[in-house]
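Asker: Please find one structure pasted underneath; my questions will follow.
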Amino acid sequence: MNARFPQVRPRRLRRTEAMRRMVAGTRPHPADLILPVFVKEGIVEPQPVASMPGVVQHTRESLRKAAHEAAEAGVGGIMLFGIPAHKDARGSAADDPDGIVQVALRDIAGEVGDSLVVMTDTCLDEYTDHGHCGLLTDTGEVDNDATLERYAAAAVAQAAAGAQMVAPSGMMDGQVAAIRAALDANGFADIPIMAYSAKYASAFYGPFRDAAECAPQFGDRAAYQQDPAGPVGEALREVRLDLAEGADAVMVKPALAYLDVLRQVRDLVDVPVAAYQVSGEYAMVEAAAANGWIDRERIIMESLVAIRRAGADLILTYWATEVARRLS
Ligand code: PBG
(Lines of atoms letter the chains of each structure in order from A and count residues from 1; the text may use other names and numbers.)
(Lines give C-alpha, C1' and ligand atoms only; values in the text may rest on other atoms or scores of the structure.)
Protein backbone atom coordinates (compact mmCIF):
# COMPACT_ATOMS: atom_id res chain seq x y z
CA MET A 1 0.00 0.00 0.00
CA ASN A 2 1.37 3.36 -0.93
CA ALA A 3 0.61 5.74 1.90
CA ARG A 4 1.25 8.76 -0.27
CA PHE A 5 -1.92 8.15 -2.27
CA PRO A 6 -5.48 8.12 -0.94
CA GLN A 7 -7.35 4.82 -0.80
CA VAL A 8 -10.58 6.59 -0.10
CA ARG A 9 -11.60 8.39 -3.26
CA PRO A 10 -15.01 10.07 -3.38
CA ARG A 11 -14.30 10.89 -7.00
CA ARG A 12 -14.90 7.25 -8.00
CA LEU A 13 -18.62 7.83 -7.87
CA ARG A 14 -18.38 10.96 -9.98
CA ARG A 15 -16.35 9.69 -12.88
CA THR A 16 -19.02 8.91 -15.46
CA GLU A 17 -22.38 10.32 -16.36
CA ALA A 18 -24.00 6.93 -15.75
CA MET A 19 -22.40 6.66 -12.31
CA ARG A 20 -23.53 10.16 -11.33
CA ARG A 21 -27.01 9.50 -12.59
CA MET A 22 -27.27 6.28 -10.63
CA VAL A 23 -26.21 7.79 -7.31
CA ALA A 24 -28.07 11.08 -7.68
CA GLY A 25 -30.23 11.60 -4.61
CA THR A 26 -32.34 14.49 -5.85
CA ARG A 27 -34.39 14.19 -8.99
CA PRO A 28 -36.94 16.88 -9.70
CA HIS A 29 -39.99 15.42 -11.41
CA PRO A 30 -42.54 17.29 -13.54
CA ALA A 31 -45.33 16.29 -11.17
CA ASP A 32 -43.58 18.13 -8.30
CA LEU A 33 -43.89 21.42 -10.13
CA ILE A 34 -46.68 23.95 -9.88
CA LEU A 35 -47.01 26.72 -12.46
CA PRO A 36 -48.19 30.12 -11.16
CA VAL A 37 -50.18 32.02 -13.81
CA PHE A 38 -51.75 35.45 -14.08
CA VAL A 39 -55.04 36.05 -15.82
CA LYS A 40 -56.29 39.57 -16.42
CA GLU A 41 -59.85 40.61 -17.00
CA GLY A 42 -60.76 42.52 -20.13
CA ILE A 43 -57.63 42.20 -22.24
CA VAL A 44 -57.61 40.81 -25.76
CA GLU A 45 -53.89 40.04 -26.08
CA PRO A 46 -51.56 38.52 -23.47
CA GLN A 47 -49.55 41.33 -21.84
CA PRO A 48 -45.83 40.76 -21.26
CA VAL A 49 -44.62 41.50 -17.73
CA ALA A 50 -41.58 43.73 -18.17
CA SER A 51 -39.77 42.58 -15.05
CA MET A 52 -40.47 38.88 -15.77
CA PRO A 53 -39.35 38.17 -19.34
CA GLY A 54 -41.27 35.16 -20.64
CA VAL A 55 -44.18 35.62 -18.21
CA VAL A 56 -47.43 37.24 -19.33
CA GLN A 57 -50.72 38.39 -17.96
CA HIS A 58 -52.98 35.95 -19.73
CA THR A 59 -56.24 36.46 -21.51
CA ARG A 60 -58.84 33.80 -20.76
CA GLU A 61 -57.96 32.21 -24.08
CA SER A 62 -54.18 32.24 -23.66
CA LEU A 63 -54.57 30.87 -20.15
CA ARG A 64 -56.46 27.88 -21.48
CA LYS A 65 -53.59 27.23 -23.82
CA ALA A 66 -50.99 27.62 -21.05
CA ALA A 67 -52.93 25.24 -18.82
CA HIS A 68 -53.17 22.74 -21.62
CA GLU A 69 -49.43 22.96 -22.31
CA ALA A 70 -48.58 22.57 -18.62
CA ALA A 71 -50.79 19.50 -18.36
CA GLU A 72 -49.28 18.03 -21.50
CA ALA A 73 -45.77 18.55 -20.11
CA GLY A 74 -46.78 16.63 -16.96
CA VAL A 75 -46.70 19.61 -14.60
CA GLY A 76 -48.33 18.72 -11.28
CA GLY A 77 -50.46 21.78 -10.73
CA ILE A 78 -51.33 25.28 -11.82
CA MET A 79 -51.89 28.20 -9.45
CA LEU A 80 -54.17 31.01 -10.60
CA PHE A 81 -53.79 34.68 -9.79
CA GLY A 82 -56.44 37.05 -11.11
CA ILE A 83 -56.25 40.70 -12.00
CA PRO A 84 -59.75 42.19 -12.07
CA ALA A 85 -60.76 45.11 -14.26
CA HIS A 86 -62.09 46.94 -11.21
CA LYS A 87 -60.62 47.05 -7.74
CA ASP A 88 -62.22 48.39 -4.60
CA ALA A 89 -61.50 48.67 -0.90
CA ARG A 90 -62.98 45.27 -0.02
CA GLY A 91 -61.69 43.36 -3.03
CA SER A 92 -65.18 42.53 -4.26
CA ALA A 93 -63.98 40.63 -7.34
CA ALA A 94 -62.30 38.03 -5.13
CA ASP A 95 -65.56 36.25 -4.32
CA ASP A 96 -67.72 37.39 -7.24
CA PRO A 97 -68.88 34.25 -9.09
CA ASP A 98 -68.19 36.20 -12.29
CA GLY A 99 -64.82 37.47 -11.05
CA ILE A 100 -61.90 36.80 -13.34
CA VAL A 101 -60.43 33.87 -11.41
CA GLN A 102 -63.78 32.14 -11.08
CA VAL A 103 -64.46 32.58 -14.79
CA ALA A 104 -60.96 31.34 -15.65
CA LEU A 105 -61.40 28.32 -13.40
CA ARG A 106 -64.47 27.28 -15.33
CA ASP A 107 -62.60 27.81 -18.60
CA ILE A 108 -59.72 25.63 -17.51
CA ALA A 109 -61.83 22.83 -16.10
CA GLY A 110 -62.86 21.81 -19.59
CA GLU A 111 -59.31 22.14 -20.85
CA VAL A 112 -57.35 20.08 -18.33
CA GLY A 113 -59.89 17.95 -16.50
CA ASP A 114 -58.02 15.97 -13.85
CA SER A 115 -54.68 15.94 -15.64
CA LEU A 116 -53.25 18.52 -13.27
CA VAL A 117 -54.35 20.06 -9.99
CA VAL A 118 -55.99 23.43 -10.48
CA MET A 119 -55.24 25.66 -7.52
CA THR A 120 -55.98 29.26 -6.56
CA ASP A 121 -54.16 31.83 -4.51
CA THR A 122 -56.64 32.97 -1.90
CA CYS A 123 -55.88 36.54 -0.94
CA LEU A 124 -57.19 40.06 -1.49
CA ASP A 125 -54.18 42.05 -2.67
CA GLU A 126 -54.89 41.58 -6.37
CA TYR A 127 -58.44 42.78 -5.80
CA THR A 128 -58.10 45.73 -3.44
CA ASP A 129 -57.54 49.27 -4.70
CA HIS A 130 -55.09 49.90 -1.85
CA GLY A 131 -53.10 46.77 -2.67
CA HIS A 132 -53.02 45.32 0.83
CA CYS A 133 -53.84 41.70 1.52
CA GLY A 134 -56.82 42.50 3.72
CA LEU A 135 -59.49 45.01 4.68
CA LEU A 136 -58.26 48.21 6.28
CA THR A 137 -59.34 49.83 9.52
CA ASP A 138 -60.07 53.55 9.68
CA THR A 139 -56.47 54.14 10.65
CA GLY A 140 -55.13 52.19 7.66
CA GLU A 141 -54.10 49.02 9.43
CA VAL A 142 -54.96 45.62 8.01
CA ASP A 143 -57.91 44.31 9.99
CA ASN A 144 -57.12 40.66 10.64
CA ASP A 145 -60.51 39.35 11.73
CA ALA A 146 -62.63 41.27 9.24
CA THR A 147 -60.34 40.00 6.50
CA LEU A 148 -60.94 36.37 7.48
CA GLU A 149 -64.55 36.59 6.33
CA ARG A 150 -63.41 37.87 2.95
CA TYR A 151 -60.90 35.04 2.58
CA ALA A 152 -63.55 32.51 3.51
CA ALA A 153 -65.93 33.91 0.89
CA ALA A 154 -63.18 33.97 -1.75
CA ALA A 155 -62.19 30.36 -1.04
CA VAL A 156 -65.80 29.21 -1.31
CA ALA A 157 -66.24 31.10 -4.60
CA GLN A 158 -63.06 29.53 -5.94
CA ALA A 159 -64.07 26.04 -4.90
CA ALA A 160 -67.54 26.55 -6.37
CA ALA A 161 -65.92 27.55 -9.67
CA GLY A 162 -63.80 24.41 -9.73
CA ALA A 163 -60.61 25.08 -7.75
CA GLN A 164 -59.28 21.71 -6.60
CA MET A 165 -57.08 23.21 -3.89
CA VAL A 166 -56.96 26.67 -2.32
CA ALA A 167 -53.86 28.42 -1.08
CA PRO A 168 -54.29 31.26 1.40
CA SER A 169 -51.33 33.63 1.11
CA GLY A 170 -52.33 36.66 3.14
CA MET A 171 -50.66 35.80 6.46
CA MET A 172 -53.72 36.68 8.55
CA ASP A 173 -53.88 34.85 11.86
CA GLY A 174 -56.53 32.16 11.74
CA GLN A 175 -56.95 32.20 7.97
CA VAL A 176 -56.66 28.45 7.53
CA ALA A 177 -59.28 27.72 10.19
CA ALA A 178 -61.65 30.32 8.75
CA ILE A 179 -61.32 28.92 5.23
CA ARG A 180 -61.60 25.32 6.40
CA ALA A 181 -64.81 26.07 8.28
CA ALA A 182 -66.31 27.92 5.31
CA LEU A 183 -65.39 25.22 2.81
CA ASP A 184 -66.82 22.53 5.07
CA ALA A 185 -70.03 24.45 5.65
CA ASN A 186 -70.54 24.91 1.91
CA GLY A 187 -70.10 21.37 0.71
CA PHE A 188 -66.39 21.56 -0.04
CA ALA A 189 -65.04 19.37 2.72
CA ASP A 190 -62.97 17.50 0.14
CA ILE A 191 -61.04 20.55 -1.05
CA PRO A 192 -57.57 20.66 0.50
CA ILE A 193 -55.78 23.78 1.72
CA MET A 194 -52.16 24.53 0.94
CA ALA A 195 -51.16 27.19 3.43
CA TYR A 196 -48.54 29.77 2.63
CA SER A 197 -47.42 29.22 6.22
CA ALA A 198 -43.96 30.74 6.41
CA LYS A 199 -44.17 33.72 4.11
CA TYR A 200 -41.59 36.43 4.51
CA ALA A 201 -41.97 40.16 3.82
CA SER A 202 -39.58 39.89 0.91
CA ALA A 203 -38.10 42.19 -1.70
CA PHE A 204 -38.02 39.11 -3.92
CA TYR A 205 -41.75 39.66 -4.63
CA GLY A 206 -41.04 42.90 -6.50
CA PRO A 207 -41.71 41.70 -10.06
CA PHE A 208 -44.85 39.81 -8.98
CA ARG A 209 -46.41 43.07 -7.93
CA ASP A 210 -46.05 44.30 -11.51
CA ALA A 211 -47.45 41.04 -12.84
CA ALA A 212 -50.42 41.03 -10.48
CA GLU A 213 -50.71 44.82 -10.27
CA CYS A 214 -50.91 44.62 -6.51
CA ALA A 215 -48.15 46.80 -5.04
CA PRO A 216 -49.43 48.33 -1.79
CA GLN A 217 -50.40 51.94 -2.39
CA PHE A 218 -48.96 52.92 0.98
CA GLY A 219 -46.75 51.22 3.52
CA ASP A 220 -45.64 47.64 3.12
CA ARG A 221 -46.56 44.14 4.30
CA ALA A 222 -44.13 43.97 7.20
CA ALA A 223 -46.92 44.04 9.79
CA TYR A 224 -48.36 40.75 8.56
CA GLN A 225 -45.66 38.89 6.61
CA GLN A 226 -42.65 37.56 8.51
CA ASP A 227 -39.45 39.48 9.13
CA PRO A 228 -36.58 37.87 7.19
CA ALA A 229 -34.41 38.42 10.26
CA GLY A 230 -36.97 36.94 12.66
CA PRO A 231 -36.29 33.73 14.58
CA VAL A 232 -36.72 30.53 12.57
CA GLY A 233 -39.00 29.38 15.35
CA GLU A 234 -41.52 31.93 14.12
CA ALA A 235 -41.78 30.06 10.84
CA LEU A 236 -42.14 26.74 12.64
CA ARG A 237 -44.86 28.21 14.84
CA GLU A 238 -46.78 29.46 11.81
CA VAL A 239 -46.51 25.99 10.29
CA ARG A 240 -47.70 24.28 13.48
CA LEU A 241 -50.63 26.66 13.78
CA ASP A 242 -51.66 26.10 10.17
CA LEU A 243 -51.56 22.34 10.65
CA ALA A 244 -53.62 22.64 13.82
CA GLU A 245 -56.12 24.71 11.83
CA GLY A 246 -56.38 21.99 9.21
CA ALA A 247 -53.81 22.78 6.51
CA ASP A 248 -53.21 19.80 4.22
CA ALA A 249 -49.90 21.11 2.88
CA VAL A 250 -47.65 23.97 3.93
CA MET A 251 -45.38 26.35 2.07
CA VAL A 252 -42.19 28.28 2.60
CA LYS A 253 -41.73 31.40 0.52
CA PRO A 254 -39.45 32.66 -1.06
CA ALA A 255 -37.38 29.57 -1.77
CA LEU A 256 -33.68 29.99 -2.45
CA ALA A 257 -32.94 32.55 0.26
CA TYR A 258 -34.88 30.47 2.83
CA LEU A 259 -33.58 26.95 2.32
CA ASP A 260 -32.66 26.71 6.00
CA VAL A 261 -36.27 27.44 6.96
CA LEU A 262 -37.45 24.94 4.36
CA ARG A 263 -35.26 22.20 5.82
CA GLN A 264 -36.48 22.84 9.34
CA VAL A 265 -40.10 22.84 8.23
CA ARG A 266 -39.53 19.59 6.33
CA ASP A 267 -38.09 18.00 9.46
CA LEU A 268 -41.02 19.20 11.56
CA VAL A 269 -44.05 18.08 9.58
CA ASP A 270 -45.51 15.02 7.93
CA VAL A 271 -47.53 16.80 5.24
CA PRO A 272 -46.28 17.86 1.80
CA VAL A 273 -44.06 20.91 1.95
CA ALA A 274 -44.03 23.36 -0.94
CA ALA A 275 -41.52 26.07 -1.73
CA TYR A 276 -42.27 29.06 -3.94
CA GLN A 277 -39.48 30.13 -6.25
CA VAL A 278 -40.77 33.67 -6.48
CA SER A 279 -40.78 36.38 -9.11
CA GLY A 280 -37.53 38.02 -7.98
CA GLU A 281 -35.70 34.71 -8.12
CA TYR A 282 -37.01 34.25 -11.65
CA ALA A 283 -36.22 37.81 -12.75
CA MET A 284 -32.63 37.73 -11.51
CA VAL A 285 -31.84 34.59 -13.48
CA GLU A 286 -33.57 35.81 -16.63
CA ALA A 287 -31.82 39.19 -16.44
CA ALA A 288 -28.37 37.72 -15.93
CA ALA A 289 -28.97 35.14 -18.64
CA ALA A 290 -30.14 37.82 -21.09
CA ASN A 291 -26.79 39.51 -20.53
CA GLY A 292 -24.96 36.28 -21.25
CA TRP A 293 -23.56 36.23 -17.72
CA ILE A 294 -24.81 32.80 -16.63
CA ASP A 295 -25.87 29.50 -18.15
CA ARG A 296 -29.63 29.90 -17.88
CA GLU A 297 -30.69 26.25 -18.18
CA ARG A 298 -28.10 25.00 -15.72
CA ILE A 299 -28.88 27.71 -13.18
CA ILE A 300 -32.59 26.92 -13.35
CA MET A 301 -32.03 23.21 -12.81
CA GLU A 302 -29.44 23.73 -10.10
CA SER A 303 -31.75 26.02 -8.16
CA LEU A 304 -34.63 23.55 -8.42
CA VAL A 305 -32.38 20.71 -7.27
CA ALA A 306 -31.27 22.85 -4.31
CA ILE A 307 -34.88 23.57 -3.33
CA ARG A 308 -35.76 19.87 -3.58
CA ARG A 309 -32.66 18.86 -1.64
CA ALA A 310 -33.54 21.30 1.15
CA GLY A 311 -36.80 19.43 1.56
CA ALA A 312 -39.46 20.72 -0.80
CA ASP A 313 -41.87 18.09 -2.10
CA LEU A 314 -43.49 20.65 -4.37
CA ILE A 315 -42.04 23.69 -6.07
CA LEU A 316 -43.97 26.62 -7.46
CA THR A 317 -41.93 27.99 -10.33
CA TYR A 318 -42.61 30.17 -13.35
CA TRP A 319 -40.38 27.76 -15.29
CA ALA A 320 -42.61 24.75 -14.52
CA THR A 321 -43.69 23.95 -18.06
CA GLU A 322 -40.27 24.51 -19.57
CA VAL A 323 -38.55 22.40 -16.94
CA ALA A 324 -41.17 19.65 -17.09
CA ARG A 325 -40.57 19.38 -20.82
CA ARG A 326 -36.85 19.19 -20.29
CA LEU A 327 -37.22 16.51 -17.64
CA SER A 328 -39.37 14.21 -19.71
C1 PBG B 1 -50.14 37.47 -2.33
C2 PBG B 1 -49.00 36.84 -3.05
C3 PBG B 1 -47.77 37.44 -3.40
C4 PBG B 1 -47.02 36.47 -4.06
C5 PBG B 1 -47.79 35.32 -4.10
N6 PBG B 1 -49.00 35.57 -3.45
C7 PBG B 1 -47.34 38.84 -3.25
C8 PBG B 1 -47.08 39.42 -1.94
O9 PBG B 1 -47.22 38.81 -0.90
O10 PBG B 1 -46.72 40.59 -1.93
C11 PBG B 1 -45.63 36.66 -4.60
C12 PBG B 1 -45.18 35.66 -5.61
C13 PBG B 1 -43.95 36.04 -6.36
O14 PBG B 1 -43.23 37.01 -6.02
O15 PBG B 1 -43.67 35.34 -7.34
N16 PBG B 1 -51.36 37.27 -2.99
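The backbone N, Cα and C atoms fix where each Cβ goes, glycine too.
The annotation active site, schiff-base intermediate with substrate is assigned in TrEMBL to Lys199, Lys253. Taken from TrEMBL, the feature 5-aminolevulinate 1 binding site applies to Arg209, Arg221. The Mg(2+) binding site feature in TrEMBL is assigned to Glu238. Among the features that TrEMBL reports, 5-aminolevulinate 2 binding site is placed at Ser279, Tyr318.
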Asker: Look at each of the recorded positions, Lys199, Arg209, Arg221, Lys253, and point out the one with the fewest other Cβ atoms around it within 10 Å.
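Answerer: Among the recorded positions Lys199, Arg209, Arg221, Lys253, the sparsest Cβ neighbourhood within 10 Å belongs to Arg209.
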Asker: Fewest neighbouring Cβ atoms within 10 Å: which of the binding-site residues Glu238, Ser279?
Answerer: Glu238
Asker: Sequence gap of 6 or more, C-beta under 8 Å: which same-chain residues meet both conditions with respect to Tyr318 (5-aminolevulinate 2 binding site)?
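Answerer: Leu35, Pro36, Met52, Gly54, Val55, Gln277, Ser279, Tyr282 - these are the non-local Cβ neighbours of Tyr318 (5-aminolevulinate 2 binding site), listed in sequence order.
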Asker: Distance check, please: Cα of Lys199 (active site, schiff-base intermediate with substrate) against Cα of Lys253 (active site, schiff-base intermediate with substrate), rounded to an integer number of angstrom.
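Answerer: Pair distance, Cα basis, whole Å: 5 Å.
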Asker: Any of the recorded positions Glu238, Lys253, Tyr318 with a C-beta atom under 6 A from ligand 1? Give them in order, or none.
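Answerer: Within range of ligand 1: none.
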Asker: Three-state secondary structure of Tyr318 (5-aminolevulinate 2 binding site) from DSSP?
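Answerer: DSSP call for Tyr318 (5-aminolevulinate 2 binding site): coil, neither helix nor strand.
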Asker: Between Lys253 (active site, schiff-base intermediate with substrate) and Arg221 (5-aminolevulinate 1 binding site), what is the CA-CA distance rounded to a whole number of Å?
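Answerer: Cα of Lys253 (active site, schiff-base intermediate with substrate) to Cα of Arg221 (5-aminolevulinate 1 binding site) measures 14 Å after rounding.
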Asker: Distance check, please: Cα of Arg209 (5-aminolevulinate 1 binding site) against Cα of the residue listed as 'Mg(2+) binding site', rounded to an integer number of angstrom.
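Answerer: Approximately 24 Å lies between the Cα of Arg209 (5-aminolevulinate 1 binding site) and that of the residue listed as 'Mg(2+) binding site'.
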Asker: Should Lys199 (active site, schiff-base intermediate with substrate) be counted as helix, strand, or coil on the basis of DSSP?
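Answerer: DSSP assigns Lys199 (active site, schiff-base intermediate with substrate) to strand.
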Asker: Would you mind reading off the Cα separation of Glu238 (Mg(2+) binding site) from Arg221 (5-aminolevulinate 1 binding site), to the nearest angstrom?
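Answerer: Roughly 16 Å, rounded to the nearest whole number.
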